[in-house]
Structures are given as structure tokens and as C-alpha cells.
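Look at TrEMBL and you will find Cys192, Cys195, Cys212, His225 tagged as Zn(2+) binding site. Annotation source TrEMBL lists compositional bias 'Acidic residues' at 752-772. Per TrEMBL, the feature compositional bias 'Polar residues' maps to 774-785. For 168-276, the entry in TrEMBL reads domain 'UBP-type'. The annotation domain 'USP' is assigned in TrEMBL to 317-863. Sequence annotations record features per position, and here TrEMBL assigns domain 'UBA' to 636-677, 709-749. As annotated by TrEMBL, region 'Disordered' applies to 751-801.
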Amino acid sequence: MATDLGELMVPYMPTIRVPRTGDRVFKSECAFSYDTPESDGGLYVCMNTFLGFGREHVERHYRKTGQSIYLHLKRTVKEKATHAAGGAAPRRRNGKVFLDIELNRDFNGDDYDYDDEAKLVIFPQHFEIRLPNIEELPALVTIACDAMLNAPSPYRKPEPLPWDDEIQVSKHARGLQQLDNGVLIPPRGWKCSRCDLRENLWLNLTDGAVLCGKWFFDGTGGNGHALEHYRETSYPLAVKLDAISPDGADVYSFDEEEAVLDPCLAEHLAHFGIDVLQKKKPETGRMTNGLPAHPGEWELIQESGHKLKAVFGSGYTGIKNLGSSGYLGATVQVLFSIPEFQRAYVGNLQRIYDYSPLDPTKDFGTQMAKLGHGLLSGQYSKPPVKAELIEQVVKEEHKALERPQQTGISPRMLKALVGMGHPEFSSNRQQDALEFLRHLIGMVERSSGSFENPSDVFRFLVEERVQCCQSRKVRYTQRVDYIMQLPVPIEAATNREELLEYEAKRREAEENMTPPPLPVRAKVPFAACLQAFNEPENVPDFWSSALQAKSAGVKTFRFASFPDYMVVQMKKFTFGVDWIPKKLDVSVEMPDFLDLSRLRATGLQAGEEELPDLAPPIVNSQDPRGNPSTFSDYPEIDESSVAQLAEMGFPLEACRKAVYYTGNMGAEMAFSWILAHMEEPGFAEPLPVPGFAEAAPSAHQLPSFLGGAPPEESVAILTCMGFARKLSIQALQATNNNLERALDWIFTHPEGEEESQGPFEAAEEEPTEDDTFSNGFAFSSTRGLSSSPPSQDQLPPPPRVKDGPGRYELFAFISHIGTSTMSGHYVCHIKKEGRWVIYNDHKVCLSERPPKDLGYIYFYHRLSCS
């Protein structure tokens, strides 16, 4: 028999690999579904790619790759016998088989036994070889199986290598002198005190000086003023400002000339008003060991005081909390309640799966389709059978369980993919659901290509009217946005007297050291929020093209189009001086029906005079080598807006261009510019800065973010494979010059795009004397210095927007529980089949009293014209 098995395995030996350090073994979840070893068919793990597949998807992988050998894993879970000794360890038939596979259930593992079974399966014959079988199998196969069975979870962060240098505690940390000079560091808007640079900034922990780091060979970094400061003062420790988080920060010792640990960092930062480390909240999906943010908020939003009826089936699948991942679960539940998202991903499920890359765990479209199918199929939301319900009632330990609950799905692959390379979403900390929604929309935009883009339903045009207060001239521009952000004016609260009385009692209790009074929640009318949105706001650092200088400016907003779905965010969070985002304790009674028709844009009015179409010069206070700028009288690029965009994961140079080309008018407008230009060649290339004697770019020059050609070597690779040059260029432009994605694009676009000429192809033509350039995105301030309009043939297609009446109906909202976006929990309510349903992690129930006044993000759909 040993000889027979050895001979049987010979043809397959070249395809069997032993996992090495860094290889991810997906033995707990299918790449295309939420099947696990606990599923009826178990899980098949490819012994070459180490990808896992459920029974329905393993055949596809075999046909696509020809890989024949799979390690089949099956786990059977069952409750312990009634008379089993309490606290006994769960029984495993094969002791070391499934290390690092978590039970996909919300129960105590000590109450259950589980049997693990592993075997090799050879396709297409489905020939099975039970494991362990050391005597009969070749050594390579045995070693590979053992390594796969003992591989760590692919979602676990790798342990530091034993030869990596460990960061040591600084000898200056515990006895560090800190000066009582009254310095307090604001949460944003930092710049070097010597050269005005706004990146790579370090805070000296002795005197609070904010100074730039050293200059790097690639032109980034700073001017080394932090090191100069140490040489002048001998103050040894500094912390990098943009690296401060609840988990710690980067600390450098100039004296020890290396990165160090500071065990007293929280205390040292608090000296300068930075309390982010001391105020770290519990990072579980629930609040623990403490009072909720407001008496009743936890109960009101989760409807804890009601006996809610659990619902099951298609569209009623819960999402298991992966550890402070409520923001992800609530957001995707709402998105996949929208028909356009259902059609784009679930409706095209087979096509997406058939054309998925060799590693589907890294493909956004595949993972979104997988999530949509998991939520909508009903396969993972089945009510317990009658026997299980009877057993729950009989067992004394389950008396507290008033209603059956489903297990829900665990979108670990999607979370890992969406958070890849992102400093916040890759962590296990709670995040802002609004920022995650924007991040997810950006990924949908980038991955859609020419296919149906479901995020089109959110996109709308905002008309911004900016007026120079001195010249009275105006400029009308349009920008793309996806979210309507409504301010919440606390001063408009209808219970103002009650709030003042509470505040007086609270101060009195603090002075007398007595228990504080019960908090009072402000009640703000929705009409007051809408009015605050409609009021003019000041434009900081406004540069007037009429005056060629800084001036006071105001801007107002109107809707140039109304989307199919309007997302409304209530701006309940503020950024405190202690660096902690705080939530306003406020109630806003949101309307079920919303009419925004009166906010429709009107454009330039009779009697209004437009500001000259001139862009401000590009200015840096000082270049990396310390040479002062020649345009010191003009506004700088707003580095605080650049920093906000960079924190979202966009390239730094792209962020700088976005802020400049949108007239230095804030991060929101720059964010819209990024979404409209992120797929263009040269998107992340540096912004060209005029030299000492150079003028601003002429209108004939093609900016680098649109004029850059795909790398010729990449074009050559594709053409050598037999693809037409024009098709190769289109593919590279559509995928930001990524060869692998470009190849996938060609296979899904065999005829290419039948659209207007791309920027690179237009750039190859000879320019004429009358050539002008526009970015085609309705930013009149970005058309260069030419006053002549571009021809219609040169304009790229405008952003796709869907317009219609501005009348909407509420169908979903996301609520946040807690005092800060850095902690707490998220819950969503969705109206389905005429009834409200609450989605609270894996628990899905009919809502008795949806707390529509306590929501954070609201979703409205357009009312059909009748």
C-alpha cells in the first residue's frame, strides 16, 4: 500500500509546496464564500497556493489552475454530554490538526467538544487519503501537510523576527525634565517653528518645541531643525507628531541616536495637553467596566429594553464583530440593502468569480461579491431547528436566552483587504463609520472600471459660490461629493433653559465634590441644522484673483444635482483641544421625508461679476534645502488639508496637487478632486513648482497628472503578448499603470473603450496654436492662465451624476454609541418590507422603536415621481 500511495503521488509532487515564512495559509475560510471547516462540506486548502475553498468552489479552482492536490479539513462541533465534568478541556480526536482555527460560534468553547478530521483529496477523481499517514506518504507531502495544519492565522500580525533589534527603553525616559512654560500643542495645524514646514515634525518632550526632522536623499523629510535644537539645548527626547495614536508613538533619542521606548509617554504628552494615550477607551465591540456615554443611550440605540423578535433568511444575515469592527458591519449592511450594489456584485457573481485573479483574497470585486452573497443568500442566516429550541429551553444555563440568534458571517478577508496599507482601518481599533464609508466608496470607484459602478447612486455635484468681500466679485465652481454634512447648532436647542440649569448644577457638584446630576440631552430641530448648512461661511486664507492678494471671502453651497440616494451625516463630532474626537450629546428628530428642492443651484445671477480666472502661484515657504520662496506674499498650500487627505491613504504628492488645484479651499473639495482624478496617469507625480525666475505654467503645458504616458516598457510587454498598442495604453491608463490589473482589464475589455480620446493619446498629437487645456472637472480656477475656453473636443467627459427631484424618504441610518469615534459601538437600522430591522453585529431583529433622533449617518432614497 505504501508503494501504491507513493506511486500515486509522483505526478503531483512538483505542485506541492511547503509553506514558508510569510506564506498565508487560508485554512479557516473559503476565498469565495463563508464556508469553514465547520461547514457541511468542510474546507479544501490548495497545497500550492494555500487558498481555501468550500465544496461549491473547489472545482472552479481546479479547472482554472489545474491544481489537483487539496488538504480537506472538517470540524464537527457538538455539545458536551450533560454529565460531563465542568470545566473540562474540549476533546480533540486529532490533537494538533487545526491549530489557530477559531470556532465560528458565539459560545464558550469549554461547553463543546469538537472532532477534527484531515485528509488529502486528489481531483478530479476525488480520491481521498486520510491523515496522518506518515508511513505511506512521501516525506515532502507529510512535511507540507504538517506545516499547513500548524500555520498561524493569515490575519494575525507577524511576530518580530528573533534577529530583529528590539527597541530599548531610553535612559532619559523616567527622569526626563519637562519645562513649565505653558506650551500646549493643538491637535492639528502644526508647522516647524523655524522653517514653517508642515510634515515630518517632531515634538521635543522637554520644552514642547515643534521642529522638522532630517532631510532625506529623495527630497522628502525636513531641514534637520529638531537635531539642531538638541545640539543647542541638549533636550534628548522627541516624539513624531503624526505618529501619535492610542497605541503609542514613535520616540527618538538624539543622545542615544536611535528609536527608543518611553514608558512614561502618556504623562510626557499630557504635559503639553495631549491626552490621547491616557484617554484610551476599551476597544471591544461593547462598553465594559464603565458607564455608557449617556444614561439610556446604550439601551435606546440597541433597544435593549424590548423583547425583539429575531429574523432570518435572505437579507437578514448578521455580521460577526471581529473586534471593534462595528463600523464595518453597519456600513456594509446598509450598502447591500441598495439594489444597485446588489446588482453590481451579487447579480454579477458568476462573472466576477470566473474572471477573478489567481489570488482572489486580494481582489476587491471578488471580496465584495462574496460579502454580498453571504448577506443576501440566506445561506448563513437559518433559524435553529425545533429540536435545538427545545433543548435551549430545557437547559438551565440557557434560561437567559430569550430569543434564538444566528452566528453571522465573519468578513475577515474583506477587512484585511480594505485596511491593507491604511494606518487606521488595518488596526483593531474602532473607527469613524463616515471615514470608512468614504474609503470604501473610493475603492468601489477604483475597482469598477467600465463596469457598473454602484457608487454612482451617491454621487452629486455641489455648486460652491465664493465671493470676495472686498471686490464683491464671485466665482461659481462645481465639485463632486457623496455625502451631505449637516452641522448641529447646539445654540438652537429647544431645551436651552434646561441645559443651562444642568450646566449650573454640574459646576456646583464639581465645586462641592458631590455626585453630578443626570445629564440632559440637547434637542435641536432638523430645520435649524438645514438652516446652518445654508448659511455662508468664511474662507480661511482666501486669495482673491481680483485683488491679486489675500482677502476676506465667504462661500455658500447649493446642489447642482440630486443623487438617487442622499447620504446625510450629522456633524456630531468635534475635535477637542485634548486631541480626542468628542461627540455632542444631542438629539435631532430626523424627518422620514426630506425635500431639498429649495437648495437647487442657480448659477451666476444677473448683476454678478465673476472673479478673474487666475490661479494662485504655487508657493512653499522654504524648499528642502532652506532656500526662501520668492512669492512670500501669496498663500501657501494648506498643509493641514494635505495631512487630512494623506491620513486617508492617498499619496502625499497627489494630496498636495488636490489642495492646490482646488484653490486651497479645504480638504472636502480636495477629496472630491482626488476621487475624480485618481485613475489618471501621473496621479501621484510631484506638483511642478516654479523656480526662482520661472513663471507659472502656461495654458499650453499639459499638467503631469494628465499628460504622463504609461511607461514604455509596460506598453512593450503588453504589445509583445499580442495586444494592440492602443488597447495596451488604455488598459494601463485605466489601472494606474499596474501590469497585472491591466492584463485583467484587457481580458474584460477585449474591444477597448469606445470613449473619447484619452489624455495620453491626445498628448501624442501635435498641439496647435490655439490649443488650451482644462481638467474638465468644472473647477474654473484650475484652467491655467488662459482666458480662452477649451474646445468641446478637448474636454474629458464630465463626472457621471444622476439627477432628479430633490425629494427623499428615509430607509436606513447608522448610530454610534459612545463619546468618541475612537471607542464605542455602531448599530444600523434598515427599513425592509415596510418594517424597521435592527442589525447589531450578528444579531438581526425586528425593531420596536427605531431611535431615529440619535443617528449619525442617514440614508435617503429618492421618491419616485407620481
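Placement of Cβ uses the backbone N, Cα and C atoms for every residue, glycine included.
Per-class residue totals from DSSP over the domain 'UBA' (636-677), listed helix then strand then coil: 30 helix, 0 strand, 12 coil. As a whole-number mean, the pLDDT of the domain 'UBA' (636-677) in this prediction is 79. For the binding-site residues Cys192, Cys195, Cys212, counting C-beta atoms within 10 A of each C-beta gives the highest total at Cys212. Listed in chain order, the extra residues whose Cβ falls within 8 Å of the Cβ center of the Zn(2+) site residues Cys192, Cys195, Cys212, His225 are Lys191, Ser193, Arg194, Asp196, Leu197, Leu201, Leu211, Gly222, Asn223, Gly224, Ala226. Residue counts for the domain 'UBP-type' (168-276) under DSSP (helix as H, G, I; strand as E, B; rest coil) come to 18 helix, 23 strand, 68 coil.
Its Cβ taken as reference, His225 (Zn(2+) binding site) is surrounded by 22 other Cβ atoms within 10 Å in the chains shown.
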